[in-house]
Amino acid sequence: MVNVVLAGGGTAGHTSPLIATAMALQERGATVSCIGTPRGLEGRVIPEAGLQLDMIPPVPLPRTVNADLFKVPARLAGAVRKAGEVLQRRQTDVVVGFGGYVSLPAYLAARRAKIPVVIHEQNAVPGLANKIAARFAVFVGTAFPDTPLPKARFVGMPLRSQITDLADASGQARAERCARARADLGLDINRPTLLVSGGSQGAVAINEAVVAARTRLLADGVQILHVLGPKNIRGATRITDELTGASWLPMGYVDDMASAYAAADLMVARSGAGTVVETATVGLPTIYVPLPHGNGEQARNATSAVDAGAGVVVANADLDVERLLAETARIHDADVLAQMSAAGRGLMPAHAAEEMAVRVISAATSIDPTIG
């Protein structure tokens with residue numbers, strides 16, 4: 001029996017591929033547990049997925065030079081110590097990290113204990129934790145080709161079975177999934193449907209642009225499933241156009257994004273790695289609005305899908321009512337949507353979770369995980 005500890009959290013961009021890989025490992029007989037921090041989304045979604053979760057202290061890195069920067073070494077040392085205790089208690093054979101500030105203590109604790117480390121990097125531009133650990137990891141899998149990490153191997157994004165099942169559905173089966181998803185969400189099954197989401201935390205710029213354009217979209221007969229983010233849902237209630245009957249349906253968070261994707265004809269979203277890969281894989285045409293902060297990874301994430309014709313990019317600064325209405329007008333052109341959908345399907349490997357599971361078990365059993 002192989003004991004695997006997976007580390008990653010903060011947002012759905014880290015937790016979703018972690019959970020997908022964990023499920024694939026369990027299917028192969030591995031004993032799986034996870035490491036997270038109290039600050040991240042993992043505190044809810046990992047236990048809900050039926051996985052065991054051990055908590056360690058968070059060690060966020062300040063974006064500017066301030067007093068908190070000088071506290072990082074002591075905080076990191078404490079988190080590494082706690083992670084080491086978890087690895088020892090779990091009798092860990094291999095650590096799998098998905099980036100984010102929870103991963104670095106787990107990586108360093110594993111290295112100290114001489115436990116092999118396997119990495120998955122979700123973004124086209126790698127984060128700091130994975131950059132550090134890639135130097136001593138036995139296998140580095142990436143969601144995008146040409147990610148600049150040592151020993152990187154393009155495997156795709158680990159996706160949960162709900163996403164891969166939707167990706168595999170076509171024709172009548174896909175149409176039935178669409179109708180069922182719309183009905184379950186309280187939407188009209190026959191109406192053009194726009195899905196809007198700024199990721200697990202929401203996105204103010206996208207939310208404001210869509211709300212400003214809402215009246216005109218509804219008057220045009222487009223219904224909107226708007227995932228505002230848990231911090232932005234307060235006071236938001238369903239709005240229906242009296243003449244067209246089209247509705248704006250606000251939600252704080254959607255646990256089953258596969259159903260939201262199935263219900264939609266077109267999406268407006270940030271270009272987090274998970275969103276880009278999932279929308280391309282299921283063939284959902286998407287208008288990507290990259291987060292303008294950070295190291296530019298969101299703009300890079302969208303490149304492959306946009307170059308293939310599966311989506312378009314609108315800069316955050318350019319997103320206003322008129323631009324949004326111009327880009328979403330394609331929702332009425334079935335031929336354009338079909339072309340974009342076809343361009344996305346097959347662009348990314350749909351079964352990366354299974355490949356990652358094979359590599360992880362190989363690393364734990366002293367088989368070279370880079371072979372094959």
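From the backbone N, Cα and C atoms, a Cβ is placed for every residue, glycine too.
Lifted from Swiss-Prot, the feature list:
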type	residues	note
BINDING	Thr11, Ala12, Gly13, Asn123, Arg160, Ser200, Gln298	UDP-N-acetyl-alpha-D-glucosamine binding site
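Shown on the structure are the features that Swiss-Prot records.
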| residue | record | Cβ contacts under 8 Å, 6 or more apart |
| --- | --- | --- |
| Asn123 | UDP-N-acetyl-alpha-D-glucosamine binding site | Gly13, Gly99, Ala143, Phe144, Thr147, Ala273, Glu297, Arg300, Asn301 |
| Arg160 | UDP-N-acetyl-alpha-D-glucosamine binding site | Ser16, Ile19, Ala20, Met23, Ala258, Ala353 |
| Gln298 | UDP-N-acetyl-alpha-D-glucosamine binding site | Arg270, Ser271, Gly272, Tyr288, Pro290, Leu291 |
Fewest-neighbour residue among binding-site residues, criterion Cβ within 10 Å, set Thr11, Ala12, Gly13: Thr11
Collapsed DSSP category at Asn123 (UDP-N-acetyl-alpha-D-glucosamine binding site): coil
